[in-house]
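Chemist: Okay, here's the structure, questions in a sec.
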Amino acid sequence: MDKQMISVRQLTIIVMFFSIGTAILIVPASISQEIKQDAWIATFLGVILSLLVVKLFIIVGNITTNLTLVEAFENILGKYVGKLISIAFVLFTFFAAGELLYYLGDFMQSAVMPETPIVAFGIMFMLVICYGVYLGIETFARSAEILFPIFVLIFVLFVIFISPQIDIKNIQPILESRTKPLIHSILLFTSIFSFPLVVMLMIFPASVNIHKSASKGIYIGIIAGGIVLVSMITLAILVLGAPNASQMSYPSYAMAQRISIGNILERIEIIMAFLWITTIYIRTFMYFYASVLGLSQILKIKDYRPLVLPMGMILIAISLIVHPNIIHSNTFNNEIWLPYSSVFAILLPLLLVVVAKFRKIKSE
Amino acid sequence: MLPTIGILVISTAISLFEMPNLLKNNKTKELWVFIILLLIGTSLSIALCLKVNLPNPLDWITFIFKPFSDFIMTTLK
Amino acid sequence: MKRITIIIFLLSLTLLLNGCWSKRELNELAIVMALGIDKTDDEFEVTMQIVNPSEISSKQPSGKNSPVVSYHAKGKSLFEALRRTTALTPRKPYFSHLQMLVIGEELAADGINQSLDFLARDHEVRNDFYIVVADQSTAKEVLNVLTPIEKVPANKLKNSNEGSQKSWASTSTIQLDKLINNLSSDGKSTVLSTIEIVGDKKLGIDPTNVERIETPVILVYTGLSVFKEDKLVGQLNEEESQGYNFIQDELKSTIEIMSCPKGGNLSTEIIKSKTKVKGKIINGTPSIDVTINVDQNVGEVECDIDLSKIKTIHMINKSTSKLIKDKIKKSLDSIQKKYQADVVGFGEAIHRADPKEWKKIKGNWESLFPELKVNVKVNVNTRGLGTVQNSLLYKTKE
C-alpha cells in the first residue's frame, strides 16, 4: 500500500475528536462522584496537564521522524525488547478498541433501543470501521474533516439550547472539595483525555507532511477537545445539579433530553447523540488502525489490508468478552485505567526518549 | 446452531474475499497470518455463541495493576 | 461487475431501513398521559390514564366513548404493578409522553422515595412531566374525573398547574429532576402542588360530568403540600404557598390587595419579582437574608384615592411591601415552626455561602432550622396604572 499522508488540519481535527472520545459521555459521572460540583475545575486543570503530556508525545515524535511508534520501538530499543513492547502496545490498543465497541453498544442499548443485543451495534460499527481501515488513513482523515463542521454546529446548538436551564446555584460553593480527591480526579480525567493520544504516534511523524506546524496542530486539537469537554461538564453540573450528574449513567444524553425550546424543539436528543457517536467512531478507528498497522509492522508485512477483516472479527468477539456488564466497565475505567494507560502513555515514551538520547550520546 | 453456521459462512466469505489476492501474489507470510487470525476470530465467535466461558484479558490486566490502583486510592483519598 | 455488486449491496441495505430491532409501531402503543400511584394494604396500586386516539381526533369523534381510559393494577413495587397492567391493556404502555404524575395521599404520608427510583431509571420515562399530590383522595379518584374543554384530563392538570403558577402563584411546577435533587440534598425536604377533587368523587367519572354548563365535579389546585424527608406532613394554604413562591424566586405574577386609607380596597398586579436569598453564619449562628424586588401595576381600584400624587404611589409601595412581608412571615411560620421542614433550601443557601461552617452545623440543622432568623426585605416599585389614571367611579368628592 502506498504511503498515505494526511494534512496538518486533518491531524488537528483527528486529535480533537480523539481526545473527546468517550469522555463526553463518561466524564461528568465518574468525576462528579468524588468532587461533586467542582468537577469542572478538575476538567479544566486536567486539560492544562494534558498539554504537558502532549509535549512528551511531540518530543517522541521528533525523535522518531518517519517511523511509526511500533517501528520506533524496534529501532530504538533493539529487536527483541522492541518487538515484545510492540506486542504489548498492539494488545493495548486492540483491547481499548474492544472496550469502546462495547461501550457504544451499551449506550445505544440502554438509552435508545433496549431489545437490541449489543452485538448488533458492534457488527454495524465494525463494518464501517473495517471499510475505513481498508481504505487507509487518508480517506479516514477526509471523513473526519467532513464530520467536523457538522459536529461544531450541533455542539454549539446544544450549548445554546440547554443554557436556559442553567441554575448558577448548582455550581456553588466553589472549591469545596479537598485537594486529594481533586488531584485524583484530575489524573483520572487526564488518563481518559490525553493518555490515549499516544496512539497518535502511530501516524504522527510518519504520515504528516509539513512537520513543524504539525506540533502546533496537535496542541490546537487538544485545546479544542478540552474546550468541548470543559463546557460539557460545566453544563452538566449547572443544568442537572451535582447529585443527579454523578449518578446518571449518561449525563450528556440526559441533558440533551431536557432541551425544550418554546415547546416545539423537544425530544431531539438523538441528534445530539450524533456528537458522541462521531467521537467514539474516531477513537475506535484510531485504536483499531493502530493495532492493525502495528501488528503488520511487527510481522514485517508490507500491506496490512488482509489483516483487517480477521482482526475485525476478533475485535467483535473481544468486545463481548472484555466487559460482561457496564459496572465492570465503570470499575475498570475508574480504577485500573489510570495506572494501566500511564505505562503506555508515560513510561514507554519516557523510556524511548531516554534510550534514544543515550544511544545518540554513545554514537557520537 | 444457527449463529455458528452464520459465523462459518462469514468466515468463508472473508477468506474468499482475501485469499485469491494473497495466493496470486505469492504472499505466503501474509497468507499464514491471515489464516491464523481468521481461525482465532472464528473460534472466538463460535465459542461466544455456544456460551463458553472465555477468559477475560482485562481481568488479567486488572490483576497486574490492582496493587498500583490500590496505592493510588489510599494516597489520594 | 464490481459496480453491479456494489449497487445490489446498497439497494439491499435499504431493506433494513423500514424498521429496527427495537421498533414499536404506533398502533402497538398505549400512550400514557397520566400516572397515579397509591398505596393500598402495603401494595402499590397504579392508575394509568391512557389516551383513546379515536376520541381525540379532530375528524370524527363519536362522542360516545370516553377520551381517556384508565387501568389499574397492584404490585409489591411500582415496576411490578406497571408490568402487571399489560394483562389489562390492549397495548403495551408507552411512557414517553407522560404529562402528570399524581401521588395519592396515603402513599405520600408513607414516603415517596420508593416510587421515584423506577421513574428516574427507566429510559422511556422522561423528565418533562409535573408531579402533584392528591389531597383527601387517592390518585385513582383524581385520574377518574372527566374535565370539560380539555378532553384529556391529564392535559388539564398540567395546564392549570402551569397557569396557576404563572398567574396566581399558589402552586409550583416540579419535575422529576428537581424533586430528586431536593430529596437528596442536605436538609432533604420538598413541596408538591396539591390537587383536590371538589364535588362528589363518584360522579366525576360519569360523562354527564362534562355535559352540563356547571360541571359538578372539578379538579382544583389548592396550594402546596409539605414533605419532610420524603413523607407528607401537611399543607400550606394559598397565602402561605404564595409566600413560598416568593422566597423561591418562582413568583411570576400575582395579586396583592391592600386597603386604602379612606376605606375600600386597591389591588395591584405584580409583574416582576426577583428574590435573592443569602445565608450567613456568624459565630456559629446561622441566619438568612431574603431580599425581594417587586415591580407591579395598579390593577383594580375600589376606593377613593388620588393616584396622580407621588405620595400615593409611595404609600401603595409601602403597603404592598408590608403585605408581602407578612405573607412570607406567615409561610415561614408554617414551614419553620409548624412543619419544621426546610423546603425553601435555606440549608443549601448557608452551604453555598460558607461550606466550612456549614459542615459544623449540618448535623444540628433539624433543631436549628425552626429557630433560624430570617430577615425579609421587600422593595416594591409601582410602575403603571393600567389604562386609566384615576378611577372615575370612586372620585374624590370635591
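Each Cβ is built from the backbone N, Cα and C atoms, and glycine gets one as well.
According to TrEMBL, the protein carries these features:
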type	residues	note
TRANSMEM	A:12-33	transmembrane segment
TRANSMEM	A:39-63	transmembrane segment
TRANSMEM	A:84-104	transmembrane segment
TRANSMEM	A:116-134	transmembrane segment
TRANSMEM	A:146-166	transmembrane segment
TRANSMEM	A:186-206	transmembrane segment
TRANSMEM	A:218-242	transmembrane segment
TRANSMEM	A:270-295	transmembrane segment
TRANSMEM	A:307-326	transmembrane segment
TRANSMEM	A:338-358	transmembrane segment
Chemist: Which range wins on Cβ pairs under 8 Å with the transmembrane segment (A:338-358): A:12-33, A:39-63, A:218-242, A:307-326?
Modeler: A:39-63
Chemist: Looking at the stretches A:84-104, A:186-206, A:307-326, which one shares the most CB pairs under 8 Å with the transmembrane segment (A:116-134)?
Modeler: A:307-326
Chemist: Please report, as numbers and ranges, the same-chain residues at least 6 past the borders of the transmembrane segment (A:12-33) whose CB is under 8 Å from any CB of it.
Modeler: 6, 39, 42-43, 50, 100, 103, 107, 141, 144-145, 147-148, 151, 185, 188-189, 192-194, 196-197, 199-200, 217-218, 220-222, 224-226, 228-229, 232-233, 236-237, 242, 245-253, 275-276, 278-280, 282-283, 286, 330, 333-334
Chemist: What else in the chain is close to the transmembrane segment (A:218-242), if you only count residues 6 or more beyond its ends and a Cβ gap under 8 Å?
Modeler: 11-20, 23-24, 27-28, 31-32, 36-37, 39-40, 43-44, 47, 50-51, 54, 57-58, 155, 159, 162-163, 165-168, 170-171, 193-194, 197, 200, 204, 248, 251-252, 254-255, 258
Chemist: Tally Cβ pairs under 8 Å between the transmembrane segment (A:186-206) and each listed stretch (A:39-63, A:84-104, A:146-166, A:307-326), then give the stretch with the top tally.
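Modeler: Top-ranked stretch among A:39-63, A:84-104, A:146-166, A:307-326: A:39-63.
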Chemist: Which of A:39-63, A:84-104, A:270-295 has the most Cβ pairs closer than 8 Å to the transmembrane segment (A:307-326)?
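Modeler: Between the stretches A:39-63, A:84-104, A:270-295, A:84-104 has the largest tally.
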Chemist: Please figure out which one of A:39-63, A:84-104, A:270-295 racks up the most CB pairs under 8 Å against the transmembrane segment (A:146-166).
Modeler: A:270-295
